[in-house]
Amino acid sequence: KPQLVASNERFCRFLEEYCPVVTETYYPTIWCWEGRVQTILRPFITSRPQVQYRNELIRTADGGQISLDWFDNNDSLYYPDASTRPTVLLLPGLTGTSKESYILHMIHQSGTLGYRCVVFNNRGIAGEELLTPRTYCAANTEDLEAVIHHIHSLHPSAPFMAAGVSMGGMLLLNYLGKTGRDTPLMAAAIFSAGWNVFESVDSLEKPLNWLLFNYYLTTCLQSSISRHRQMLEKLFDMDLVMKARTVREFDKQFTSVMFGYRTINDYYEDASPCRKLKSVGIPVLCLNSVDDVFSPGHAIPVETAKQNANVALVLTSCGGHIGFLEGIWPRKCTYMDRVFKQFVQAVFEHGNKIFSM
């Protein structure tokens, strides 16, 4: 059974009644239960539901642009009125976009419930041009704040919540830690977030993890900016950035410099959501597996979570990073998908019981 960590008894009862998956035994796929194997295989095994997006480009205060992919769900039987149709904002991982299989599954789950979804693609990675020499990072929440304000201004009467995966979860937590209760979001769901960036990069630099994940992730980061080389080399030594062989080296030469941090340690400290968890002011459900090499079990802030009545952690012993595969042939629905669907439905349809906490 997962470990449910929550100091607020009413929040616990709410989850047990309306999101019972968090109390059920999770049976990982027997032939790929190990965390690293789950992490590697999930993108290849899980199906990719068909989703038709409507793209919108919005401008930012600094002259940049952000690409939003909308799943309007105009055929919603449960919520035919678009002005009050519940809306879920989805934040993909480090180099992820609206095309990731885990995002497509979240949209499929939301669609069956009648909800609308919006995917926040970080600057420069969804095919749009960079208009300024700036991309994104886990600590800077300005773009996310602009997106949340934009969505809320379009549908001010619609119930509104967000879900973030991996770095998207870190960014969302850092935003919530900064804003407290001052947000139009009703609640949030966080999946496989890296709680302490120092611990995450240390774990990823162990020899086997570097071979399986770190080098590949670094090349993905380099690939995501190489298309914008002409814009970025105004500010950066791109040859040096392209020589990075670890995420830490990339962040030292590129990310921390772009966002004005004195040292990479200053950036990693600011990017670590564990430092801001006490300030979260709305109900948040966070799912992590303790065998996730991107977010080691010992770095999950269990004691800090117990100090905030708005926070609930669900910790599984297996599942890896955005894995949570279950069943003999885990092609369709994962444990993470079921947690997402039940929690989102619980918030939108029974939220009054949680908000009177």
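Glycine is no exception: its Cβ is also placed from the backbone N, Cα and C atoms.
Sequence annotations record features per position, and here TrEMBL assigns active site, charge relay system to S166, D292, H321. Annotation source TrEMBL lists domain 'AB hydrolase-1' at 86-327.
Take the active-site residues D292, H321: by the count of other Cβ atoms within 10 Å of each Cβ, the lowest one is H321. Recorded residues S166 (active site, charge relay system) and D292 (active site, charge relay system) have their alpha carbons 11 Å apart, per Cα-Cα distance.
The two recorded residues, H321 (active site, charge relay system) and D292 (active site, charge relay system), show a Cα separation of 5 Å. For S166 (active site, charge relay system), the number of other Cβ atoms no farther than 10 Å from its own Cβ, over all displayed protein chains, is 26. As a whole-number mean, the pLDDT of the domain 'AB hydrolase-1' (86-327) in this prediction is 97.
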